[in-house]
Amino acid sequence: MPLSADTSTTSAPVAPLPVTPAGVRPAPACTLVIFGAHGDLTKRLLMPALYNLAGNRLLDGNFRIIGVDRVDSTTGQWRDGLAAMMQSFTTDPNAEFHPAHIDAAQWGWLAERLEYVRADFTDVDAIRALGEKLPGNAIFYLAIPSRFFAPVVETLGRAGVVAQKDGAFRRVVIEKPFGSDLASAQELNRRVLAVLDESQVFRIDHFLGKETVQNILAMRFGNLIFEPLWRNEYVDHIEITAAETIGVEQRGAFYEPTGALRDMVPNHLFQLFAMVAMEPPNTFDAESVRNAKEQLFEAVTPIDPRDAVRGQYAAGTVEGRPMVGYRESPGVSPHSNTETYVALKLHVENWRWAGVPFYLRTGKGLGGRRTEVVVQFRKPPMLMFRNTETADLPPNRIILNIQPAQGLTVELGAKKPGPEMDLTDVQARFRYEDVFAASPNVGYETLLYDCLIGDETLFQRADNIEAAWKAVDPVLQAWAQDRAGPEPYAAGTTGPKGADDLLQRDGRAWYPLDGA
Ligand code: BG6
């Protein structure tokens, strides 16, 4: 992570490496063992990210990758399949990684370090044999369904491959979902931490790999102009939105027992919330940042189910194309009560945020795709504009645009040209693409690199995960008992009416999904 480049607490006992001309240290030599070598995550995201890291000379000459899966395959077949996949990205504008071409030397450097091992993830003997191929530092990346996380970590423990010896590190990467409620998250943490030390566990939330999410900290703490206003004296409320146009598509089997709340809120939306609302950490080292997050999460009042709204999309039209309703999607029950939309109100009981509601919403099959944070300030007093054409003063807003727009928008009142004193709202914008060259990064580059160098700043600690589940647990429990189910909304709209009512009750309205 760039912000922590100079301050990282590297637990890896490696000798300092030379610094590249760009000022970044190449990662230490390591073997990356990917469980789930044939899976989607490996193909779509991990390989492109490793290719990009290789291109930036951030991997050591002795870096190696061992792909593990149950599929019968050879190193040659795995490598060829990945090469074909990388090529296919160049012609697929919808792929997360869409470069103009694949550089043969760069891919070749990576390809010759690939090895495939066929093994059952929980076969202790097979994993012990695999361990013999690992001379020093190793990272085990669990790119596998979450039901395997605890059994695989236990297998790694039994096989003796995660013991850190002779100054070499052994780390394990897990990606969400970390449990499906507070109790299961606690149980997962307990089983994982019975085998590994917390410093060996790297829990990925891919939102933290997004430049625009990391930039929230840079904006807040790298500039003087935001922080003095960033508190209840000046802020009226904060909205956090992750609106998606896509429906559940082919993921019905995963989504049915999950739903929008579990899929997006205690993980992705809470990470955005943490970036926006946490106190300034003393430094950017991992523990300071994760302590600041913990302090914030502990100040969140467990959400009152009356402050939560759920919806489910019915058939509609999204961006001019018809979309079938959620209940008609493959793998979904025609009577499903799974929510595809959730809106919540959070209260934070601390000095900075007491009295400032945080409204969170996320949904699929909506009319617009936008991930953003809107900080809405209190209205200025009318005073000096009395007796002018100005009927009302619009509130200032700072909008942190995460995606697809990337940057920051400030909404201000300005005088309309003309003889009258009449104010209207205008926008001042910073857009990444206007300032920085586009890079075909997939968002996993920083996360993989940080794991290699042992910087846990962008990874979630066990207590952070549990605190987020604790906040949403009353809602999950209430919904499990409530037979009424989610409120339907037509695909292509802004979501269920209940979500508008949630803000209206407080005399507020959501920032429009089609604005900015
Ligand atoms: C994933 C969820 O974690 O995040 C998906 O499982 C969701 O349902 C996705 O679509 C959103 O991520 P992004 O990066 O596309 O905003």
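Here the Cβ of each residue, glycine as well, is placed from N, Cα and C on the backbone.
Since we're looking at a predicted model, the values are computed, not measured.
TrEMBL annotations:
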BINDING   ARG70, ASP120, PHE121, LYS176  NADP(+) binding site
BINDING   HIS206, LYS210, GLU244, ASP263, LYS364  substrate binding site
ACT_SITE  HIS268  active site, proton acceptor
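Comparing local CB density within 10 A for the binding-site residues ASP120, ASP263, the maximum falls on ASP263. Of all Cβ atoms in the shown protein chains, 28 besides its own fall within 10 Å of the Cβ of LYS364 (substrate binding site). LYS176 (NADP(+) binding site) has HIS206 nearby among the binding-site residues HIS206, LYS210, GLU244, LYS364, counting only those with a Cα within 10 angstroms of its own Cα.
All protein chains shown were included, and the count of other CB atoms within 10 Å of the CB of GLU244 (substrate binding site) stands at 19. Of all residue pairs in the substrate-binding list (HIS206, LYS210, GLU244, ASP263, LYS364), the one with the greatest Cα separation is 20 Å apart.
Less than 6 Å separates the Cβ from ligand 1 in the case of ASP263, drawn from the binding-site residues ARG70, PHE121, ASP263, LYS364 in sequence order. ASP263 (substrate binding site) and PHE121 (NADP(+) binding site) have their C-alpha atoms 25 Å apart, to the nearest angstrom. Largest Cα to Cα distance within the recorded NADP(+) binders ARG70, ASP120, PHE121, LYS176: about 22 Å as a whole number.
The two recorded residues, HIS206 (substrate binding site) and HIS268 (active site, proton acceptor), show a Cα separation of 8 Å. Here the candidates are the recorded positions LYS210, GLU244, HIS268, LYS364. The one whose C-alpha lies nearest to that of PHE121 (NADP(+) binding site) is HIS268. Ranked by Cβ neighbours within 10 A across all protein chains shown, the recorded positions ARG70, HIS268 are led by HIS268. According to DSSP, HIS206 (substrate binding site) is assigned to a helical segment.
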